[in-house]
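Novice: Quick one: this structure, given as structure tokens, is what I'll be asking you about.
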Amino acid sequence: MSSARTPLPTLNERDTEQPTLGHLDSKPSSKSNMLRGRNSATSADEQPHIGNYRLLKTIGKGNFAKVKLARHILTGKEVAVKIIDKTQLNSSSLQKLFREVRIMKVLNHPNIVKLFEVIETEKTLYLVMEYASGGEVFDYLVAHGRMKEKEARAKFRQIVSAVQYCHQKFIVHRDLKAENLLLDADMNIKIADFGFSNEFTFGNKLDTFCGSPPYAAPELFQGKKYDGPEVDVWSLGVILYTLVSGSLPFDGQNLKELRERVLRGKYRIPFYMSTDCENLLKKFLILNPSKRGTLEQIMKDRWMNVGHEDDELKPYVEPLPDYKDPRRTELMVSMGYTREEIQDSLVGQRYNEVMATYLLLGYKSSELEGDTITLKPRPSADLTNSSAPSPSHKVQRSVSANPKQRRSSDQAVPAIPTSNSYSKKTQSNNAENKRPEEETGRKASSTAKVPASPLPGLDRKKTTPTPSTNSVLSTSTNRSRNSPLLDRASLGQASIQNGKDSTAPQRVPVASPSAHNISSSSGAPDRTNFPRGVSSRSTFHAGQLRQVRDQQNLPFGVTPASPSGHSQGRRGASGSIFSKFTSKFVRRNLNEPESKDRVETLRPHVVGGGGTDKEKEEFREAKPRSLRFTWSMKTTSSMEPNEMMREIRKVLDANSCQSELHERYMLLCVHGTPGHENFVQWEMEVCKLPRLSLNGVRFKRISGTSMAFKNIASKIANELKL
């Protein structure tokens, strides 16, 4: 395989040719069998192993996919492993999946989730990506409400830098929205979900109409062809408005109403929005796509650079890869790798275990860990090959230089195609902007070798616990590619005067009904007009089976019967007109009842269980983890951890919540009725706050809608007497 990265071939949007593994072919690694053969049988440890990874827990699931939190055995680094069942996908979906993987391999930006390794067998594809412990921007807004402009600017500079980087590589994302913006442990942005991304060439129009309706450009609603970048620019305008106002500029009770508002291009300007921010919005939200600003122009905008006058935002320059770091090379040699195979894997960009190990060694998982690395010798081939199914094909591996690499698992679990990611942290130089972030099982991630983020610092508020999903799973192919959305006829051909910006925003004291507030930052929400599993949030795709014209007048969240019976994984109580596959696997399909086993195992307060006397003693002597996470004064205390756990259990019981003790100071909690919109699962953990003589309660959502989680989490937090 050539050491140079080959350009991605342009794909016909409507091509449905069955992809062969030749699309991603590469020379088999000498380690391939080892990766697939190492499993739980090879270790005395009861936790399952995949290759060089120990699977810790499921952090996301969907109809055809699971995402697992895993630990790289050789370096101790945590990774996210997405397991995709290819047998559930048709040829068109497979083609899009492989295109997504190829595109992610060429992206190396500190604010884009990094794909680290790809393993392919005959039936399953495993993607190993960064693990974003901070959850989605969507969840952050639900928990905290709108951002102050300083904080929004910090996030938005990172978003624009990453999207402009994609555009300069002639890649368009096409599904930018708050749900696809992740936060790492330091609250830096990571753009995820390249399932609808594609290459573009100016002059050759794209004609696939996809995206999430509130973020979709007007030309998509009109069924017009487009170059590519201009649809991302419109979506960025919606994102900016959402960050600053906590609401959407365009919304409606059904798709028809939403479409009409987008095509009018009118939105309200809240009284608290600065004039500079309002002027910047006018460069994004222009009905005529040819008149929208380019991201290079937007980088020079006044609002974008307030507080950064000496550091104007500029296009990101990708650093040269570092394939000859003597420290990492020597460490790998001590593990049993040879210098030749290390160089071959890196230069050939193979995305194999060798490259993954090298890249993982380049990063420390947490500032709290420092640079200490616990290294283990490489498993012998004899040990790991005994039960290895030989994969008939392998995915090409080509990695950019400095990502935190992680490997994927080869366990036969259902999976959904998507290129999701998990976030590597970019460096923030402004100490006053640091804040405790929510940490879901992994400590704050930090990057040693990755170039610093385009943003020197992030301002952050200390408020209520952030509902973090920890796994942002995107769904590229699994977004119902077979479920219709906007077809040109059904959307109609409303005419818009070209060359005329009809936005004419009006200032009003509060957001208008068309701009539904996501949440307020105080107290439990009284409204649920920013739900996750409804059509207004769902990503749509041309060529889906259901006809929009039959649904345009239905309220969001009401789904007509599917003529094909092809409803894949709805996230809301009753699903949505568009398959909610881009939202993420973390949201379980609430139409399907929770498995009996799952509910029955969540008995209240199961402590300790069986085990040896030694294990029980270790359990009793365990101490809370020292973590950085989003906390508030209501959930911190100088009480002893055991007293805090008793208080938490008391409040959970009072609110009819089931709980199960997973670790000494961590409870898995469930509230609501399986199969209903109020059903939610989350973790509550008593943690020690670093550098403070206080303990705090960490909340982390596992599944369920953002609003359902916020309702119960806020109620419990308010009732805790800590």
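Using the three backbone atoms N, Cα and C, a Cβ is placed for every residue, glycine included.
For 27-45, 417-431, 464-483, 492-505, the entry in Swiss-Prot reads compositional bias 'Polar residues'. Residues or ranges marked as domain 'Protein kinase' in Swiss-Prot (evidence: sequence analysis): 53-304. The annotation ATP binding site is assigned in Swiss-Prot to Ile59, Gly60, Lys61, Gly62, Asn63, Phe64, Ala65, Lys66, Val67, Lys82. Here Swiss-Prot flags Asp175 as active site, proton acceptor, drawing on similarity to another entry. According to Swiss-Prot, the feature compositional bias 'Basic and acidic residues' maps to 432-442. Per Swiss-Prot, compositional bias 'Low complexity' is recorded for 511-524.
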Novice: Hey, of the binding-site residues listed (Ile59, Ala65, Val67), which one tops the CB count within 10 A?
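Specialist: When each Cβ's neighbours within 10 Å are tallied, Val67 leads.
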Novice: Would you mind reading off the Cα separation of Val67 (ATP binding site) from the residue listed as 'active site, proton acceptor', to the nearest angstrom?
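Specialist: So the Cα of the residue listed as 'active site, proton acceptor' lies 21 Å away from that of Val67 (ATP binding site).
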Novice: Where does Lys61 (ATP binding site) sit by DSSP, helix, strand or coil?
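Specialist: SS state of Lys61 (ATP binding site) = strand.
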Novice: DSSP secondary structure for Val67 (ATP binding site), reduced to helix/strand/coil, please.
Specialist: strand
Novice: Give me the CA-CA distance between Ala65 (ATP binding site) and Asp175 (active site, proton acceptor), in Å, as a whole number.
Specialist: 20
Novice: Report the mean pLDDT of the predicted model across the domain 'Protein kinase' (53-304), rounded to a whole number.
Specialist: 90
Novice: Please report the DSSP secondary structure of the residue listed as 'active site, proton acceptor', reduced to three states.
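Specialist: Coil, per DSSP.
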Novice: Per 10 Å Cβ neighbour count, which of the recorded positions Lys61, Asp175 ranks highest?
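Specialist: Ranked by Cβ atoms within 10 Å, first place goes to Asp175.
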Novice: I need the CA-to-CA distance for Ile59 (ATP binding site) versus Asp175 (active site, proton acceptor), whole Å please.
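Specialist: So the Cα of Asp175 (active site, proton acceptor) lies 23 Å away from that of Ile59 (ATP binding site).
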Novice: Could you tell me the C-alpha distance between Asp175 (active site, proton acceptor) and Lys61 (ATP binding site) in angstrom, no decimals?
Specialist: 21
